[in-house]
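Chemist: Have a look at this one before I ask anything.
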């Protein structure tokens with residue numbers, strides 16, 4: 001197989017590593033059976049607190065970044081870089097280690113963007129964070145961040161491959177948050193800081 005195919009496969013496998021599940025397991029907790037059942041840092045925060053959540057967030061961000069670094073090391077084209085970024089996110093969302101189930105892909109999307117375009121990532125981050133702090137809804141901040149990244153990629157005149165990559169990542173974020181959107185409309189969405197019983 002070519003370097004491009006190998007890199008796409010590696011990106012998917014990097015993304016598939018379920019840090020949340022692995023960290024929670026060290027505490028004797030099955031993360032898929034507590035809170036929202038999601039494997040990401042937000043559910044780890046609800047179940048186990050800030051320390052484990054930050055470890056998971058760090059890992060989920062940088063596994064996306066590592067995939068991009070590997071692609072650059074192989075000298076792949078810009079469009080392939082975008083493909084590698086998306087494969088890392090898809091790996092997180094549909095992990096081969098979890099029977100093709102997974103998380104929502106926000107941290108991994110941010111990680112890939114941070115290594116693809118640090119300026120765009122660092123413009124996007126405070127926008128999403130502000131919404132989270134104002135509303136205490138992580139889901140709302142995540143979706144706002146996805147939209148902001150796409151709009152900013154257009155406003156800053158980024159190349160087509162990058163705009164397309166960011167657009168697809170934003171679509172994936174909305175897709176994985178479809179149940180959150182429903183709960184937001186119904187007023188039943190959990191807010192940041194609400195704890196759940198870890199078991």
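Don't overthink the numbers, they just go from 1 along the chain as shown.
Using the three backbone atoms N, Cα and C, a Cβ is placed for every residue, glycine included.
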Chemist: With the ranges 28-48, 154-174 to choose from, which does Swiss-Prot describe as transmembrane segment?
Modeler: 154-174
Chemist: If you look at how Swiss-Prot annotates this chain, which of 113-133, 176-196 comes out as transmembrane segment?
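Modeler: Range annotated as transmembrane segment by Swiss-Prot: 113-133.
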Chemist: Rank 50-70, 113-133, 154-174 by Cβ pairs under 8 Å to the transmembrane segment (78-98) and hand me the top one.
Modeler: 154-174
